[in-house]
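Residues annotated as transmembrane segment in TrEMBL: B:12-30, B:57-78, B:85-107, B:127-149, B:180-199, B:205-226, B:235-257, B:263-283.
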């Protein structure tokens, strides 16, 4: 009991002291940071995941292109919450407390935690956030407002649909599968469904709640559709092999949203490279450090996709890929065999 | 310094979960997995209500009711359906995922720019909004629970956990007691979820993952650090334990440990705390500490 009382008293005394002193320390160190030439950047990533890691590597490359190199004029503080969202706030308040000049958020909850901690003051750069307006991060894509801007990781859905049309002109029913708990996945899936419907397709949406559901859902799906679209979705990406195995048995082609999913057995895609996406964010971060205003810096969409095709998959399905597609993949894209 | 303030604030807010879990984990003596579902359930309900213009305080209280319902279902599955408690909890937790999606309509709903229970305190020094709200909630919740446990109903509730057979023999309806415990506990967990979501600025479908470890940590650290206590003191110890847990995380982060190892480190910390009685008997720490204290005196 004694220990408990002394601990409580200690806490209360500290809080009382902190209450009357926090304001002052902020001001003095803000003055310091103006004379500093080494910029401090906090990067917060939601979890370890191939696509997110690629974005992270891209951010560093983009910063480098703008002349900011870690160890020379840049100090990078990198935190990864490992999917545990209760860590995000501690980590982002650590950045805020260390007076980082800027923070960069990879994945939506990470960016939201940073936005909250920055409280409208230090700039927050979004790296590949699918739907920043819907996530309440910015006011509009053209004029983000406040202190947040960056890149959106939205897939070039229209071009991807055109690719499906080009390869399978006869397909009329399109199945789209996504994970209910993945914000980006459901956003992309619903948007693609709308675009495909407008283009005259009959669209059927299927959802999984964990990767374990893929086998059952995929079996049902391939019996009802002529082609499958797999959006940028963490759950679907993880279960890509299962989806492809099922689809191959019914000779239904799977068109994924990213190149790594083509590698895992998808037929073809026109995708935004995650590294390029991160690099674009890094460049924006560099420009903001040089003095550009975040509030008027429009959100950047990386729209130019890279062709990626899987030739062995085409053989399995008995599909001959159009020459124009193959050529595009040969010159500027990826061919997986 | 403000990092420490932030940690204390977080500790107070997460302390609500510790106190809630104490009712089932320590008093009723069973592990309730429902909490990993009722926590995001509370967050989802409150955040959705707030985005629809409901007063944040009212929305948080609504979260309590929804959470209590979830706890009630676990209770019914256990007492009437004769499903083992661990399984009953996991079932409700799993069901909550779909329900949360229905409530929120998407996997993540943001509160940026919306009024929350923290908004009126925006003028305070940094992180003191969490301190004041957390402290108020903790004090109210602790007092209510202390009052409840001292009442006739509360005593019956305690006996149910201690010895259900004896409780039944003296005419206590143990099933009702269990249901009530699960409802109050999960109501509080959901309320905690609502408050923490407002503090974080968003509700996310996956925010329940690992919650039970955080709540357990507060209980166990409090017990180990502060030793033998009465029931009322134990409730206070949970909140302090929750604050200490945040300090440990802060130290781990500041020491520059890779965040990849954070979960491993908290698991090791908890394991050490759980083994404390055994370590104590092995190393005679008690005597060492007592000697140290007497020498200094």
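The chain as shown is numbered from 1 upward.
Glycine too: its Cβ is placed from the backbone N, Cα and C atoms.
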Should the transmembrane segment (B:205-226) and the transmembrane segment (B:57-78) be scored as in contact, given a threshold of at least 3 Cβ pairs under 8 Å and pairs 6 or more apart?
no
With the cut-off at Cβ under 8 Å and a gap of six or more residues from its ends, the chain residues touching the transmembrane segment (B:180-199) are 13-14, 16-17, 19-21, 23-24, 27-28, 32, 34-35, 38-43, 45-47, 50, 56, 59-61, 63-72, 74-75, 78, 111, 116-118, 130, 133, 137, 141, 157, 160-161, 207-208, 211, 215
What stretch, picked from B:12-30, B:57-78, B:85-107, has the most CB pairs under 8 A with the transmembrane segment (B:127-149)?
B:12-30
Sequence-distant contacts of the transmembrane segment (B:57-78), meaning Cβ under 8 Å and at least 6 residues beyond its ends, amount to 32, 34, 37-38, 41-43, 45-47, 49-50, 84-85, 88-89, 91-92, 96, 117, 178-191, 193-195, 198
